[in-house]
Amino acid sequence: MPSLPDMTTPNVDALAAERAAGQGAAAPVEMTPDLQAALVEFLLRMGDNTLILGHRVSEWCGHSPVLEEDIALANTALDLIGQTQLWLGLAGEIEGQERTADNLAYLRDAAQFRNVLLVERPNGDFGNTLMRQFLFDAWHHVMLTALQRSSDPRVAEIAAKAIKEVAYHLERSADLVIRLGDGTEESHKRMQASLEDNWSYTGELFVADDSDVAVAEAGIAPAPDSLRAGWDAVVNDVLEQATLKRPEGTYVHQGGKRGIHTEHLGYILADMQFLQRAYPGATW
Amino acid sequence: MHPSTLPSTEQVWRWLSEVPDPEIPVISLTDLGIIRDVAWDGDTLVVTVTPTYSGCPATTVINLDIERKLRDEGIGKLRLERQLSPPWTTDWISAEGREKLRDYGIAPPVDGTAADGRLMARVDRLSGSSNLVIACPHCGSNNTERVSQFGSTPCKASYRCKDCLEPFDYFKCI
């Protein structure tokens with residue numbers, strides 16, 4: 001039997017039962033103003049990652065190489081935007097300044113966005129989009145797995161919902177990275193180039209700052225570097241099956257998590273926010 | 001409405017069983033298993049709904065359809081609540097709903113393949129010994145293949161029957 005990425009979808013019913021019995025989940029902690037600010041920051045990071053990647057992936061709609069892939073990318077984008085509504089909705093609710101998920105998505109400027117730089121990278125070719133997706137999905141899946149045991153039940157229930165969707169994202173992106181990596185000479189060459197192109201942007205997913213430490217100590221979210229081993233296991237396994245060579249570079253591009261972005265984000269926001277900026281409050 | 005004249009929750013469940021899913025109109029919202037609770041809070045009817053996929057565009061339409069149906073039946077005070085946990089699973093689609101899906105040309109989710117079962121199905125598939133049979137809803141043949149993991153909506157995958165050669169949607173498990 002071929003080796004498999006570890007994609008075990010946790011048994012949600014068992015987790016729910018454990019939680020009901022007061023086991024499994026970390027004990028709730030007292031919410032101080034500092035911890036609340038760190039939690040809002042964490043939720044913005046989760047929601048901005050899914051929002052910006054969802055928008056990027058949606059740019060493929062109508063342009064994919066075949067109809068099935070067009071539909072698959074659009075559906076993946078839809079899942080990510082749906083998860084954004086949950087994360088940013090909770091961020092706005094906890095922040096308590098009457099900002100809705102829509103306000104947060106459409107009315108913040110680039111420096112207020114908290115997504116990692118990886119997700120704002122340009123799409124490149126189809127292979128590059130799939131490689132970026134795979135590197136993100138592998139992280140997303142280990143992150144949501146850990147978040148199901150969050151000491152904050154609101155975070156845990158969003159994670160339990162999202163992980164079911166993300167399990168399909170990871171399965172699909174891993175399959176395609178393998179198929180294209182272990183494909184023709186041309187597809188192999190492009191996938192290796194895509195891997196090297198995106199590699200130095202993956203490290204930011206595992207770097208912690210003060211707010212990461214605060215939510216980790218409160219048992220709300222895992223410490224970012226604790227996800228590294230799980231991510232490595234999935235990535236190494238898939239790259240091996242894809243006959244791709246894991247880059248040796250250790251340089252980490254970072255800044256997105258604290259609002260310092262590449263110029264690409266500005267173009268995404270110009271496109272995404274145009275309507276609400278030009279016609280404030282427009283609804284349909 | 002006077003409390004003694006409030007319709008029973010059983011009656012409300014029956015009304016909801018007449019509301020079709022906006023994207024797959026052959027099955028109702030109760031067949032789909034997304035109505036989590038119906039209860040009276042004083043003289044206000046509270047209907048608790050769980051989303052299928054977090055980004056499903058039908059969610060808004062479903063809420064509107066519920067509201068329209070219950071208003072038509074004379075419910076004056078109504079509150080819709082969203083419940084995320086426990087997350088919806090295809091295991092909650094009723095047996096009747098599964099048959100209606102098949103008649104409509106959509107292969108229903110294979111029982112017990114949600115969550116952990118899905119992983120085992122993947123292991124079997126990769127090892128070439130898959131026992132996860134998606135039968136063609138048109139001719140009943142088990143000789144089918146997956147075309148794409150995503151179909152016309154996020155909840156479906158695209159399949160093809162290798163006997164009758166018809167393409168079909170498979171309602172995949174989550």
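Quick reminder: no glycine exception, Cβ is built from N, Cα and C everywhere.
No curator has checked TrEMBL annotations; they are predicted automatically.
Keep in mind it's a predicted model, so treat the numbers as computed, not measured.
Database features (TrEMBL):
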DOMAIN    B:10-71  domain 'MIP18 family-like'
DOMAIN    B:129-172  domain 'PaaD zinc beta ribbon'
May I have the DSSP-based helix, strand and coil counts for the residues of the domain 'PaaD zinc beta ribbon' (B:129-172)?
0 helix, 16 strand, 28 coil
What average pLDDT does the predicted model assign to the domain 'PaaD zinc beta ribbon' (B:129-172)?
84
For a three-state summary based on DSSP, what are the helix, strand and coil counts in the domain 'MIP18 family-like' (B:10-71)?
25 helix, 15 strand, 22 coil
